[in-house]
Amino acid sequence: MSTAGRASLASKAWAKYGIDLGTFLVIAKGALPAVICVAMYEATPVANLYTTLGYLNSIVASLSFSFLPRAKFLQMSVLNVIGTCIGAAFSLLLMYCSTQARVHTTPPAAMAQLLQAISQSSSDPSQSSILSLPYNSSASAVSGIWLFFGVWISTSIRARRPQLIFPVVMFNIMINVSATYGTLLPTMKMAESFVREVLLSMLTGLGISFGVGIFFIPITSRTTARKMIVGYISLLKNTIHAEQERVKLLKSRRIYRVETSTTSMQTPSPKSTGVSDALQRLASTHRALETEINCVAREVEFNRLSTESFREIFSNLGAVAFQVRGLDTIADALEQNATIQEQRMNEGPTATGDGDSGEEAHNSQLSAAIYRNANGLFTEVAGLVEESLDHFLLTLEMVPSSLKKSQHQKTAGDDARDASYFPGGDSFSTYLEQRLDNIHTQAWDNLENIRLLSRRQHTSDGTEDIAHGLDGSSIEELYLLLHMQAMLQSTGKCVLVFIQAADRIRADKQSFKKAFRYPSLQTLKLWVRSLLMTHTTDIHSTDRSAKSSFGDLYHGMRDPEREPPGTWWELLISSFEQFYRFFGSEDSQLGFRAACATMSIAIVAFLASGQVFFIKQRLIWASITVAVALTTSSGSATRGLFWRVVGTVAAMVFSIVNYYIVDGKTAGVIVFLFVFLCFDMYIMVKFPRYLIAGLLGLVTQVLIIGYELQVRKIGRQLAETSGQPVYPIYEIAPYRLLAVIGGCFSAFIWTIFPSAVTDAYRIRTKLGLSLDLLSQYYTCSQVVWDLDLKALVEPNSPTLNPWQKEELVKMRSNLFGEILVLIEEVKQHLNDSFWDPRRGGKFPKQKYRELAYQIQSIVSHLGLISTTANLLPDTLKEDARPKSTQDWRNALVQLMLSRRSDEVVCAFSMLASSLSDGKPLPPCSVPTLYNTSPEINKLLSLDHMAEPGFVIYAAPRVVSELWRNQLQRVIENVRYLVGEFRFSVLDSPYHA
């Protein structure tokens, strides 16, 4: 085979497994620190310095994640150093208590004899083993108690602050080693020397990893953020294409064809999975980009684009993504309208042949006209959005050269359009604004034509009733058209703001030019505060935030068992409530499980009959593995146990192959160690879901190979002074394998024992919490909407305080993010529910999956209602308008303010309570938002549809029907899952 053919095969193989040059360098960078530490130990001065703890620095270097972007890596490095140093301080406290316990329980004569023997053996450390020191039960008991406490408190903190997982691992490595070996050390001088050696070895590993992370192929957060922004925009384009294709597919529906009488009934097509998948990827990328933008603010770099510019770009991108998500409601509403219309036709008089087909033809003509209008405008706006995204990339120079070339070719091929009007041109924003104005004018012309068509239908059949609900009537279809135009107009305005911001950033030389970027003091303070403070997703945190912002204006939660504290003594006692709440929290329970899992192994080291066995058989690594392997639910524990065992077995095989493939030659072993570590790094980089499995495989290889090369370097006699006998690699490898598997198994047992926290339980409670937060989100959204409506009627009212709306908007945004985070956690638990131990019947996974999707849809639909306030024409906010128009508008606002929001909140709260507690659902139905009356029908007649302000009713009306339909499905699913508290006595066939 030719060289070109082999290169082609290699490139295809790399592409198949998702490896490019950048990915390979990241993988190599992650594997390099451990290899450097192993190779460094071959130097005699280094071996003399670290003696039997040389392989520990390579293990710590493996746990340092040097392949992360610079800001994240710096944060992790600082936290790892802090965790290690706190572990050393805790170890000294532990050993001080241990040595004091030995001193107070050992006769003075025996203690003096022991110290003399130690003094004599210190002249030649290679001749003495740590196992020669006597056992002391008091020292072992004290060490065991401190180890239990240390693991419990550290794991509880890790559960409360997930970003501290690896600093907690460093802490646990230090205290596990110190507690199990410290029981044998009789003096504080020996204890201090031991802790100093362990600390030096661990800090060396962190230092090597720090050097690699900073100086070897540095990856900055700004570079990562730019790449993620390009990927974000690519996902936006894919989402728009999927939504556009979905709208086009609706032309096959019977109601959207003019040839109704000759066209066979089309079956409704389910919602395209392409749109759902694209929206899910978009949401995941948005959260990842938000994390990266926060890291950009903490980074020191010489580059363009300031932190403020990145934040502005992220904010505008999020707004565009929200609008793109809203465009999908156009297809939802069209599809729902088609289903209802076709159902009415099948059940109406024309279905039996008794009635005239003229009405059906007229309805189809109206629906087809609405669909053509929707499809045409959607296509135009989608094209403009895509061009605007390209303009953003070209303007801020984030675009690959291929897009620049395609834009130049398009410019050369279109003579009717000025070159500056193409994406990347200086006047593109002006062109976009003109096109949006034209589309808006065209949309209103189309609306007037369709309104006249609908009026002719109403005049011919003599009906003017307005049915409430998206029931397929002509007036409701016009609402649909208004909603569509509102969404497209809102999207256009949002995109215009987006590209104007990009142009402004490009024109700002201070922001766009390359400069030395560094974090401000305020940014560093916020970073430290974020590490120290705990943010929990629950209704209590939202309640506390609302109380602090609004005071007496907020009527929130009360303690049902206590009155508010009135005296200073009651306030002081109440402050201790947090400690009791912490001890009873799930975080503390997880810490207790971790401590029990660790002590299930470490207890052997504190017993007289097991201490020697524990040290000789290297069970210390089994107790350390618990800190890495423990999870929060039984499903993830089962999955983790399986894949960690698989990864560890593979690592053992790789280690043996690594050693013997080069006949044990040190240089070859080190080179192949790097190659095999890259396999583990590939798992960690490409499949983050299995990160811990890849990490344990990597640590296992370093543990086996590093220890073998260490023994070869320092000699068998000195290596056995640690109390561990030296074995050949084909024996030590299975020992290490069993130790790691034992730690994983202990973590698994204590996850499901004494009571399993199942993924099914997590799913149910998190969905219940999502519904609880949804009720709060709905309340905030409606209050903000009411403030906007009142501002139309009473723009100068003194009761409208701007800060109240700002606080409510901020709270609404936080609730929106918290609900989406909970939904993502539910989806992860749904994937892990496959591994849940089965007890009884099958888990209704599909029902919970539907419930998560429906809650997410309701949140998105509610968020879209808030965008309508930005669409109100300026003419509505002026006083120079006819009196009749003012009266009509004021009546419309009063109608919208009279909606039954309280009933909706009650429905959400009942659903949340029933699902969280697993109790039967009380009789519950979807509330009707508005009352009906002849006056309301006249207010909403076709005569007023041409009013510019009618959109404030029509657009939210359509979106409200969409989320109410989703709420109906939520009620049905919750009723299926928990049951309903109801007696069907009258429905019984035995009732007389």
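Each Cβ is built from the backbone N, Cα and C atoms, and glycine gets one as well.
On a predicted model such as this, the values are computed, not experimentally measured, just so you know.
Pulled from TrEMBL:
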- 11-344: domain 'Putative ER transporter 6TM N-terminal' (DOMAIN)
- 611-750: domain 'Integral membrane bound transporter' (DOMAIN)
- 340-362: region 'Disordered' (REGION)
- 21-41: transmembrane segment (TRANSMEM)
- 47-68: transmembrane segment (TRANSMEM)
- 77-96: transmembrane segment (TRANSMEM)
- 133-152: transmembrane segment (TRANSMEM)
- 164-186: transmembrane segment (TRANSMEM)
- 198-219: transmembrane segment (TRANSMEM)
- 590-613: transmembrane segment (TRANSMEM)
- 642-661: transmembrane segment (TRANSMEM)
- 667-683: transmembrane segment (TRANSMEM)
- 690-707: transmembrane segment (TRANSMEM)
- 735-757: transmembrane segment (TRANSMEM)
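Using the rule of three or more Cβ pairs under 8 Å, pairs at least 6 apart in sequence, the transmembrane segment (133-152) is not in contact with the transmembrane segment (198-219).
Computed over the domain 'Putative ER transporter 6TM N-terminal' (11-344), the whole-number mean pLDDT of the model equals 85.
Within the same chain, residues 25-26, 29, 32-33, 36-37, 40, 49-50, 53-54, 56-61, 64-70, 73, 77, 80-81, 84-85, 88, 91, 170, 173-174, 177-178 sit at least 6 positions outside the transmembrane segment (198-219) and bring their C-beta atoms closer than 8 Å to a C-beta of that stretch. Counting Cβ pairs closer than 8 Å and at least 6 residues apart in sequence, the transmembrane segment (21-41) and the transmembrane segment (590-613) reach fewer than three and form no contact.
Long-range neighbours of the transmembrane segment (735-757) within the same chain, counting only residues 6 or more positions beyond its ends whose Cβ lies under 8 Å from a Cβ of the stretch, are 586, 593-594, 596-598, 600-601, 617-626, 628-634, 637-638, 640-641, 644-645, 648-649, 651-652, 696, 699-700, 703-704, 727, 837. With DSSP states grouped into helix (H, G, I), strand (E, B) and coil, the domain 'Integral membrane bound transporter' (611-750) comes out at 121 helix, 0 strand, 19 coil.
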